[in-house]
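Per TrEMBL, the features are:
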type	residues	note
ACT_SITE	HIS204	active site, proton acceptor
BINDING	ASP59, ASN122, VAL146, GLY147, ASN148	NAD(+) binding site
BINDING	ARG109, ARG115, ASN148, ARG179	substrate binding site
DOMAIN	23-169	domain 'Lactate/malate dehydrogenase N-terminal'
DOMAIN	173-347	domain 'Lactate/malate dehydrogenase C-terminal'
Amino acid sequence: CCEHELCGCGSVSPTFFQGDPIRVLVTGAAGQIAYSLLYSIAKGDVFGKDQPLVLVLLDITPMMTVLEGVVMELQDCALPLLREVIPTDKEEVAFKDLDIAILVGSMPRREGMERKDLLKANVKIFKSQGAALDKYAKKTVKVVVVGNPANTNCLIASKSAPSIPKENFSCLTRLDHNRAKSQIALKLGVSSNDVKNVIIWGNHSSTQYPDVNHAKVNVKGKEVGIYEAIKDDSWLKGDFILTVQQRGAAVIKARKLSSAMSAAKAICDHVRDIWFGTPAGEFVSMGVISDGNSYGVPEDLLYSFPVVIKDKTWKFVEGLTINDFSREKMDLTAKELTEEKETAVEFLSSA
């Protein structure tokens with residue numbers, strides 16, 4: 001049929017059913033995470049099989065030739081939902097009228113670089129991108145920060161976009177959440193789908209706290225608590241936590257490159273849940289603004305909590321009991337985030 005809503009034959013073209021395309025930005029679009037991510041988004045894994053979209057791809061000027069190659073590949077996939085691909089190195093083009101922004105690009109940590117240096121470089125990037133969101137994007141835009149240090153980068157972007165609700169900003173701890181689910185599933189010899197309600201508290205760093213005190217696993221048709229199913233408290237309080245905390249470093253050591261495939265899958269999971277909501281009876285981990293939480297986490301931090309999502313709005317999961325072991329771990333990662341925030345805000349005023 002033709003591209004008009006109604007054509008001469010009297011049929012309705014698919015465009016009529018699918019509505020307007022949504023506008024999706026991916027930054028760091030010439031990088032390896034984006035390379036794994038873009039195909040999944042464009043073929044409908046994230047926003048649904050009947051939602052057309054425009055992909056906007058932002059990267060730095062020296063990467064534009066590589067980005068042109070990515071655009072060619074997306075075109076060559078012949079994906080019916082993909083209406084347009086816009087490669088750019090200009091923020092005023094990239095951030096215009098966005099429905100969702102996935103901020104993957106950031107300054108990576110280089111050898112000999114102090115965490116302070118890394119924060120300083122990233123404050124500059126995320127202050128600029130936050131300001132561009134504020135100026136050009138829809139006020140309803142959902143912003144997901146992936147680039148590390150993700151929690152603090154996300155907080156800086158939010159502070160630099162005062163006209164966009166703080167609740168619209170989140171950072172990715174879903175990869176850690178998926179890692180925790182997977183480690184439990186491997187230990188019990190079940191599918192990762194049989195494990196639900198693990199929690200990642202705090203920072204996307206080695207201080208994060210993977211918590212399975214409230215998680216359940218389906219074993220032979222019966223739902224039981226993780227501690228009851230595994231019957232190995234020392235593993236759950238020791239090697240399990242360390243494995244999840246240090247998994248990113250282990251991947252780099254083995255692959256000589258950072259996690260890309262698993263990071264892209266986690267981004268898809270995170271954004272799809274924002275778009276369509278979380279399944280009944282399940283919660284997920286997401287770095288969100290800590291304001292109003294009931295778990296003793298200081299206000300004005302971008303901290304990973306268990307959340308449920310409905311109508312594109314997240315809420316804290318309330319009423320979970322926190323034992324002394326958990327309290328100590330949660331406070332430790334909050335302390336790190338507070339220190340990061342203080343350093344970043346210092347740079348923000350001079351950036």
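Even glycines carry a Cβ here, placed using N, Cα and C.
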Q. Could you state the CA-to-CA distance between ARG179 (substrate binding site) and HIS204 (active site, proton acceptor) to the nearest Å?
A. 12
**Q.** Secondary structure content, the domain 'Lactate/malate dehydrogenase N-terminal' (23-169) (per DSSP, counts of residues)
**A.** 66 helix, 27 strand, 54 coil
(Q) I'd like the number of other C-beta atoms within 10 A of the C-beta of ASN122 (NAD(+) binding site), please. (A) 24
(Q) Just checking a number: largest C-alpha distance across ASP59, ASN122, VAL146, GLY147, ASN148 for the NAD(+) site, rounded to a whole Å. (A) 16
Q: Let me know how many other Cβ atoms fall within 10 Å of the Cβ of ARG109 (substrate binding site).
A: 15
Q) For ARG109 (substrate binding site) and ASN148 (NAD(+) binding site), what Cα-Cα distance in Å is obtained after rounding to a whole number? A) 9
Q: Fill in the CA-CA distance, ASP59 (NAD(+) binding site) to ARG115 (substrate binding site), as an integer in Å.
A: 23
Q: Measuring CB to CB from HIS204 (active site, proton acceptor), give everything in the same chain under 8 Å that is also at least six residues away in sequence.
A: ASN148, PRO149, ALA150, ASN151, CYS171, LEU172, THR173, LEU175, ASP176, GLY287, SER304
Q: Could you state the whole-number distance in Å separating the C-alpha atoms of GLY147 (NAD(+) binding site) and ARG115 (substrate binding site)?
A: 14
Q | Number of other Cβ atoms within 10 Å of the Cβ of ARG115 (substrate binding site) across all protein chains | A | 14
(Q) Among the binding-site residues GLY147, ASN148, which residue has the fewest other Cβ atoms within 10 Å of its own Cβ? (A) ASN148
